[in-house]
Amino acid sequence: MMKFTKQNFIFLVGGIIIYVVDIGVDFWVASRYFCQGQYCWGILLLCFRGLSSLITQVFSYEWFKNDWEGTNTGKLKWIFLVHLFQCGIFIRYWFALKYGCQAAFKQKSSRDASETDPPNFIQKQAVDAVTDINMLRVFKTFLETTPQLFVQIYILMEHEKNNFCQYAAIILSFCGISFSMVDYQISLRKSLPDKDEFRVLPKLVYLLYKLLTITSWILSISLITLLSVRSSVILLIFLWICGFTWTLKQHTTFCKSRKMEYLYRTVVGIILIFTFFNIKGKKTKVCISIYYATHTVVTLGILFVYMFWKTSIIKEIHFTIVSILTILSLVLGIIFLVVYYRHFHPTAYCRPQACSDEVDGEAGQKDRVKIGRFQNFIMQ
């Protein structure tokens, strides 16, 4: 049975603090770039922030509409206004705090509740509220935090002007990715009633797998950008097209409307640029092998180009240090990936009845929302 504990509540409060601090740091870093006359970097960072905020608000409001379909039409109006002003995430944090406090501190046992209002219902409300937030944070991580990390690393390698502002942005980006990945996996485990809790060792292995592989890939893309910005943009667009095409072939059914489903697939395509996700809960041993084999070949190809054709740049960007970090993080990341999938990865993603053809079809859309969005979200 899903449980929302006091520890979960503390992490939820910490998540709110980090979210607010992250907003402040983004505007602080952008303002520093503007003050230094580096308008392109400042505008680019704000564009990542704006795009991420817009897309997460759209999904958040759409989920409110799906959950409150046929009821609470009055509340939906002010919910829409709040999302219009890009503050929808704070409403979700409010509901999560409300249900989380009841589940973690006010409920003592199942005997305290009647049959019509069981404690399990409050527990489910708390878990679902936090799960929605973590899904939105996954979007934010790969629409804003990861691209910002790539830009900051590129600026350091290109200009070699180190300052506290840049280091703070990089550290915050790494923290954002780390918390998002771990919270995402915790929510996934809570959504799988037949699976054990996500314990400390699996959390650490999963975190290192994701963080190291993403770090290696970001360093690789930064090196490509140093060679040619145009080549980097072409590569990223090509990778997005591949990811988007794969989601189309998977026939995802996460959203109720066709337009939102295509937006979801577009976002997943962006996520797949940086890391692998299983979007249908099926076995993807071949796909994940191809994915990281491709990353390995591209990374080695980039380092090969630098060593034999761009030797003049090597000294300027401390190539030895960057190359060692790139290879080391890639190798260690793949090792942790293998360990995670062999020993800690859930082998079944949902109950048998939730995986039937009826639920996957159009007739199961309404029931699917009631069961829980995570059943059809990107799995891992």
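Think of each number as a place in line: the chain as shown, counted from 1.
Just so it is clear, glycine is given a Cβ too, placed from its N, Cα and C backbone atoms.
What you see is a predicted model, and the numbers here were worked out from it, not measured in a lab.
As written in TrEMBL, here are the features:
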TRANSMEM  9-29  transmembrane segment
TRANSMEM  41-64  transmembrane segment
TRANSMEM  76-95  transmembrane segment
TRANSMEM  167-186  transmembrane segment
TRANSMEM  207-227  transmembrane segment
TRANSMEM  233-250  transmembrane segment
TRANSMEM  262-279  transmembrane segment
TRANSMEM  291-309  transmembrane segment
TRANSMEM  321-341  transmembrane segment
Candidate ranges 9-29, 76-95, 167-186, 207-227, 233-250 - greatest C-beta contact count to the transmembrane segment (321-341) (under 8 angstroms): 207-227
Positions whose Cβ lies under 8 angstroms from the transmembrane segment (207-227), at least six residues beyond its ends: 146, 149-150, 153-154, 157-158, 174, 177-178, 181-182, 235-236, 274-275, 292, 295, 298-299, 302-303, 305-306, 310, 313, 317, 322, 325-327, 329-330, 332-334, 336-337, 339-340
Intrachain neighbours beyond the transmembrane segment (41-64), with Cβ under 8 angstroms and 6 or more residues off its ends: 26-27, 29-34, 76, 79-80, 83-84, 86, 88-89, 91-92, 132, 135-136, 139-140, 143-144, 147-148, 151, 155, 255, 257, 260, 263-264, 267, 373
Long-range neighbours of the transmembrane segment (291-309), counting only residues six or more past its ends (CB under 8 A): 213, 216-217, 220, 223-224, 227, 235, 272, 276, 319, 323, 326-327, 330, 334, 337
Maximum Cβ pairs under 8 Å to the transmembrane segment (262-279) - stretch from the list 9-29, 76-95, 167-186, 233-250: 233-250
Same-chain residues near the transmembrane segment (9-29), Cβ under 8 Å, at least 6 residues beyond its ends: 45-46, 49, 89, 93, 96-97, 100-101, 104-105, 130, 133, 137, 145, 148, 165-166, 168-169, 172, 175-176, 179, 183
